[in-house]
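Taken from TrEMBL as is:
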type     : residues : note
TRANSMEM : 6-25     : transmembrane segment
TRANSMEM : 37-55    : transmembrane segment
TRANSMEM : 67-85    : transmembrane segment
TRANSMEM : 97-119   : transmembrane segment
TRANSMEM : 139-157  : transmembrane segment
TRANSMEM : 182-208  : transmembrane segment
TRANSMEM : 214-237  : transmembrane segment
DOMAIN   : 272-374  : domain 'HTH araC/xylS-type'
Amino acid sequence: MLNDLSVFLLAAGMMQAALLSVFLLLPSNIIQVSNRLLVIVLLTLAAGFGELFLYGSGVSFLHPNYAYIGTLISLLQPPAIYLYTRSLMYRHFRIRPAHAVHLIPFATGLIVFFTLYVPLSDSAKITLLQQQDLPGMPVSLPLALAYHGVFLGWLGYSLRRLRSFNSDIQHLYSDIARQQMLWLRFLLSGYLGLWIVSIICCLFFYLFRLTDKTSWVLPVVSIAGFAFINTLLVCALRQPAAFMGLTQADEILLENIQPVKAPQLRGAEQVDKVAEFMHRNQPFLDSTLSLSQLAHQLKLSPHDLSAIINNGFQQNFFTFISEYRIEHAKKLLAMPEDKRTILDIMYSSGFNSKSVFNTAFKKQTGLTPSEYRR
């Protein structure tokens, strides 16, 4: 049964999800595709919390027909998280008919629910609930594994796309701290970890037929769920102001940014031209410099500039610009008469993020900025 802490956390989680969903449904907010998808994520989380609450409070045993509804609805959550991730990465992302493929787990769950569970008598349903290895999980091990597989599969694929995205933006931007969405990667990694632990527990309980799991499972799940939803709320509400996603022009450019082997003579001339421009004009001091902006200054196409950087300098755009910024910072740090703080020098060199600056500086020099200054 539920203890007071579990009751509070589950109730608070459901209330937070419901209230924020109402907020996101306001006309000024619902226009954003990412907000609509976030509403689905929140409501499915609330449904999962509700499933645990009904099970732990004993209501599911009094009304077994309502059991597993939260579990069923939660099958919409992994695809919603994946599409939400995509909507943050790409500014012009839209829901298309092809995305209906993500409804397959939910549709399959509906079929299983109405063909295997609903026809059972109330007493048979109660017996099934009592035999659960984990609250909200099907008694059948194959079904429980399939349920976990939906979450593990979609969350894993979301992380894979996010890692690919973080690699792609280094070809386009010199300031990647905000675009990387590390908060989302951290959050999804943690959530994926919870589901890995859950499937291990499910197998353990099934093999050893342990009883009285709710005495500790529900509090642990309640705490983990409460932490997840609050982290999601804080980060998701901050994210739109930080980065609105790649534009269609960025997407097209990324599709064409494969290294291109240009004629050696012309390639060498272009490399020298770019290097001379960088030393003379110092465009890297602009913290918001992008590949397209630098290409415009050089009177080159972004595709050609990317090919020059990839082939001639053997670097992506982010690393290329960072090296110039680090060299500039090294000169300032080596000047005894320059009394500015390291943070001021960081900004003067074109960096916007302290962590990115320190990482790039250490990688290039083997020293931290403070050690180099000494």
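Positions of Cβ are set from backbone N, Cα and C atoms, glycine also.
Curation does not apply to TrEMBL; its annotations are automatic.
If you look at the transmembrane segment (139-157) against the transmembrane segment (6-25), you find fewer than three C-beta pairs under 8 angstroms, all six or more positions apart, and that falls short of contact.
Outside the transmembrane segment (182-208), and at least 6 residues removed from its termini, the chain residues within Cβ reach (under 8 Å) are 81, 85, 88, 133-134, 137, 141, 144-145, 148, 151-152, 155-156, 158-159, 162-163, 166, 217, 224, 228, 231-232, 235, 239. Residue counts for the domain 'HTH araC/xylS-type' (272-374) under DSSP, split into helix (H, G, I), strand (E, B) and coil, are 73 helix, 1 strand, 29 coil.
A Cβ distance under 8 Å defines the sequence-distant neighbours of the transmembrane segment (37-55), meaning residues of its chain 6+ beyond its ends; these are 2, 7, 10-11, 13-14, 17-18, 20-21, 24-25, 30, 66-71, 73-74, 76-77, 80-81, 83-84, 87, 129, 132, 135-136, 214, 218, 221-222, 225, 228-229, 232, 236.
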